[in-house]
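> Just lifted these from Swiss-Prot, have a look:
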SIGNAL    1-21  signal peptide
DISULFID  50-65  disulfide bond
DISULFID  57-70  disulfide bond
DISULFID  64-77  disulfide bond
MOD_RES   81  leucine amide
């Protein structure tokens, strides 16, 4: 009887500790998420010298990034397949 009470109490303590730890991690999650969003936002502020997929371009000017080509039909950069 004493052993089962001890195990039940130990289980409750373990459950409390795990719940507290996961709750404290959840409180830190929004801060980490916001810091990552702002870090990505800072990266987007830098301008590239070339145009990426779906950006408008002028055929024949070679404005698209490597592995992309300006489509003469649609006038936007798309993946260059080598044809």
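Every residue, even glycine, has its Cβ placed from backbone N, Cα and C.
Burial and contacts for the listed features, if you can.
DSSP assigns residue 65 (disulfide bond) to coil in the three-state reduction, outside any helix or strand.
Within 10 Å of the Cβ of residue 57 (disulfide bond) there are 22 other Cβ atoms, across all protein chains.
Taking the Cβ of residue 77 (disulfide bond) as reference, residues of its chain lying under 8 Å away and at least six apart in sequence are, in sequence order, 51, 52, 53, 54, 55, 57, 63, 64, 65, 68, 69, 70, 71.
Taking a C-beta cut-off of under 8 angstroms and a sequence separation of 6 or more, residue 81 (leucine amide) has no same-chain neighbours.
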> What parts of the chain pack near the signal peptide (1-21), using Cβ distances under 8 Å and only residues at least 6 beyond its ends?
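Distant Cβ neighbours of the signal peptide (1-21): there are none.
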> Test of understanding: give the count of other CB atoms lying within 10 angstroms of the CB of residue 64 (disulfide bond).
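A 10 Å sphere around the Cβ of residue 64 (disulfide bond) contains 21 other Cβ atoms.
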> Taking the Cβ of residue 50 (disulfide bond) as reference, which residues of that chain separated by at least 6 in sequence fall under 8 Å from it?
63, 64, 65, 66, 68
